[in-house]
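Right, one structure below, let's go through it.
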Amino acid sequence: MMDAGTVSRNSLPMIERIHTVDVEPDAEEVAIAGHVHEIRDLGGLVFLIVRDREGLIQVVFKEEREPDLFEAVQDVGSEDVVRVVGEPVESGQAPGGVELVPHEYEVLDEAASPLPLEIAKDVDVDLSTRLDNRALDLRKPEVLAVFTLRSKLMAAMEEWFDEEGFVDIKTPLISKGGAEGGAELFPILYYDRDAFLSQSPQLYKQILMAAGYEAVYETGTAFRAENFATSRHVSEIAMFDVELAYIEDHHDVMDVQEESLRYALRAVAENAERELDLLDVDLEVPEDDFPRITFDEALDLLETEFGHFPEDPTDLDTKGEKLLGEYFEEQGHPAVFVVGYPDEKFYYMQDVEGDEIASRKFDLIYKGLELSSGGQRQHNVDVMREVMAEEGVEEANFEFYLEALDFGTPPHGGYGLGIDRLLQKVTGLDNIKEAIMFPRDPNRLEP
Ligand code: ATP
Ligand code: MG
């Protein structure tokens, strides 16, 4: 007799089974199903370790106890999908402390062999081989953990914004031009016209501020056609975008980012223990206020502490971000805002003092990596047109946006956060591609 509550976690009619982690040693009989993770053949005794999404369980086939099942299991292969009905018994050696004495054994699907990639054994394979065989690589418990953690992280992030009254939006991925235009765009053929994949939803978020939506967020996708070869860039990016109106200044935007990130990290620390364990991560939630330093202070700090001078004096370079990250992390601050870049882009609000220009732009550096860029936007269209003329930006590409903002726009600001980078840093992965199920880079379009 099956134990009550042993059906799958929803009540849809599915193959009867429970998760391996839910197998209690005092149950009479349970059904489990999953992939064959490991096979240990000891003569009259076969141990199968079966893996489902939540964990592993050992099934012990004894020739003298269940000769028919023992015969059937002789043909089993790694990664076959099996279902076992059996009696749980306590066992010191088994993973999870419980093993199954089988009553029924059925193979739902056989796996081809040999496997091009080992799932169970901890062999060192380079990332490119892993990604070539991503379909199998994704089966590894520690890889699956990255993505179940991501799911929990983003659910918590969205929960924060939902509770704060932000509207969940969807902006187009196909556009006539880019947010900033230029070489970073992927051109596509749109019927008989040229179009581009979206680089950022920023213009649309701002149009929604003009439209009176007040506070919005979007879990979306952005495309960058840069020809990079780094451990922190990909061509298709998961982006979390936020925009809010009636702000006093960019500090209100930073407050939102700080609170929401802390909330999401706290949720992971509390609800993703198994994943953090599998990934061997000791996640510290930044409970203190994130330091907010000016761009000039960041430059001074890099010079005096590390003798480092970024090549471009109007931006921090990768090394600069890394050094700043280390400096603040040592003081217990994994996250730090750098505020007031001398960035003269037309869409940022500028603070001008004499001939010093500081834009109300900020970056969030988390564990030494730029996680997001944002700031207070310029909402006065006349000022924007002036700056565009000075900077030589083609107004025609932005006419739909400038027009939309011209009909009354509240002061507003926002940011775009790279979800893949956030996940990379939270899980302590070396390369951003490990934090993406099927990453895209200049050389990889498959799988
Ligand atoms: P970087 O200088 O690191 O290339 P960026 O300043 O060009 O980044 P933004 O336009 O500010 O990037 O995009 C907002 C956020 O999106 C970044 O802070 C980052 O987290 C993420 N992001 C941008 N480009 C990429 C990329 N090619 N791959 C992965 N994430 C990216
Ligand atoms: Mg940036």
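In case you wondered, yes, glycine gets a Cβ from its N, Cα and C as well.
Just so you know, TrEMBL annotations never went through curation; they're auto-generated.
Here TrEMBL flags P95 as site 'Important for tRNA non-discrimination'. A 10 Å cutoff on Cβ-Cβ distances gives P95 (site 'Important for tRNA non-discrimination') a total of 16 other Cβ atoms nearby, all chains included. Classification of P95 (site 'Important for tRNA non-discrimination') by DSSP places it within a helix.
Sorting each residue of the region 'Aspartate' (202-205) by its DSSP state yields 4 helix, 0 strand, 0 coil. Summarising the annotation, TrEMBL assigns region 'Aspartate' to 202-205.
Annotation for E370 (Mg(2+) 3 binding site): spatial neighbours L316, E321, D363, L364, G418, R421, criterion Cβ-Cβ under 8 Å with sequence separation of six or more. TrEMBL lists E370 with the feature Mg(2+) 3 binding site.
If you take the C-beta of S373 (Mg(2+) 2 binding site) and look for same-chain residues 6 or more apart in sequence within under 8 angstroms, you find K361, F362, D363, Y415, G416. The feature Mg(2+) 2 binding site is assigned by TrEMBL to E370, S373.
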Under DSSP, is S373 (Mg(2+) 2 binding site) part of a helix or a strand, or is it coil? strand
